[in-house]
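A short write-up of the structure that comes next.
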Amino acid sequence: MSDYQETLYQGYGQRFSIDNMLHEVRTEHQHLVIFENARMGRVMALDGVIQTTEADEFIYHEMLTHVPILAHGAARRVLIIGGGDGGMLREVAKHKSVERITMVEIDGTVVDMCKEFLPNHSQGAFDDPRLNLVIDDGMRFVATTEERFDVIISDSTDPIGPGEVLFSENFYQACRRCLNEGGILVTQNGTPFMQLEEVRTTAARTDGLFADWHFYQAAVPTYIGGAMTFAWGSTHEGLRRLPLETLRQRFRDSGIATRYYNADIHLGAFALPQYVLQAIGKQDND
């Protein structure tokens with residue numbers, strides 16, 4: 001039995017025992033491995049960084065999906081950037097009110113390998129007739145498409161390699177252009193305790209671009225370093241501050257089943273700790 005040592009941070013990291021190596025390949029864009037671990041189930045890593053595990057992926061995918069969709073309240077067209085493992089697609093597809101799901105993934109091999117070796121992530125969602133799967137660069141897609149979306153979810157890797165451009169100012173500007181009135185953009189933004197500069201940079205790039213911008217958090221064990229942040233940008237100011245009962249009713253009406261998300265978690269996730277507020281130049285969470 002060998003180990004998989006993550007290489008995201010210098011001098012600090014995590015190690016997974018490899019109980020069974022399922023697949024390893026260098027794709028056109030990155031080095032991909034999928035293996036089994038007794039504690040976390042099947043695990044996928046790209047370029048030395050753990051991307052997802054069967055054990056806790058539901059936290060990440062539910063929070064990046066249901067927070068913006070239920071805050072919007074009437075999302076019909078959803079764009080997923082990245083998300084090749086299919087977990088985000090699975091959660092978006094739970095919303096029967098969504099009429100069209102466009103998913104843009106740069107690496108088709110990731111999609112193929114995850115269909116084969118991580119089927120529990122997508123649970124058949126790649127066969128959903130509402131899906132338009134595009135194998136292309138996410139930055140190029142949002143910069144050139146004429147389509148408009150109610151919710152955009154950027155499920156990117158860390159800002160290294162193929163995912164680096166998905167944290168750029170040009171990317172955020174292009175996403176804003178692609179949003180319908182009342183639209184929402186959410187992106188994964190790393191763990192602020194270890195990646196505070198990424199949060200600070202994203203704040204600077206979204207400030208002034210959206211009527212309301214902020215971050216929200218969730219604790220995902222796989223992503224070491226504490227709670228993970230997700231960036232939020234909306235074209236309407238009030239969507240982040242909906243009454244709790246409104247969110248509870250929307251959640252009930254949606255009929256979706258979750259393991260982590262609920263309306264109380266939704267509202268509470270936007271309460272950022274003081275060191276994050278200071279980093280993004282905000283006095284409070286309003």
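Each position is counted from 1, following the chain as shown.
Every residue gets a Cβ built from N, Cα and C, even glycine.
Features of the protein shown, as given by Swiss-Prot:
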type	residues	note
ACT_SITE	D155	active site, proton acceptor
BINDING	Q30, E105, D137, G138, P162	S-methyl-5'-thioadenosine binding site
BINDING	H61, D85, D155, S156, T157, D158	spermidine binding site
DOMAIN	1-235	domain 'PABS'
Cβ neighbours within the same chain of D85 (spermidine binding site) - under 8 Å, at least six residues apart: M44, Q51, T52, E57, V110, C114, L118, H121, S122
PLDDT averaged over every residue in the domain 'PABS' (1-235): 94
Residue from H61, D155, S156 whose C-alpha is spatially nearest that of Q30 (S-methyl-5'-thioadenosine binding site), among the recorded positions: S156
Binding-site residues compared (Q30, D137, G138) - the one with the fewest other Cβ atoms within 10 Å: D137
DSSP state at H61 (spermidine binding site), helix/strand/coil: helix
Recorded positions: E105, D155 - member with fewest neighbouring CB atoms within 10 Å: E105
Nearest-integer angstrom distance between the alpha carbons (Cα) of H61 (spermidine binding site) and E105 (S-methyl-5'-thioadenosine binding site): 16
Cα-Cα distance linking S156 (spermidine binding site) and D137 (S-methyl-5'-thioadenosine binding site), given in Å to the nearest integer: 11
Around the Cβ of H61 (spermidine binding site), the count of other Cβ atoms that are within 10 Å: 27
Between E105 (S-methyl-5'-thioadenosine binding site) and D155 (active site, proton acceptor), the C-alpha gap once rounded to whole angstrom: 10
Secondary structure at Q30 (S-methyl-5'-thioadenosine binding site), reduced by DSSP to three states: coil
Integer Å distance between the CA atoms belonging to S156 (spermidine binding site) and G138 (S-methyl-5'-thioadenosine binding site): 9
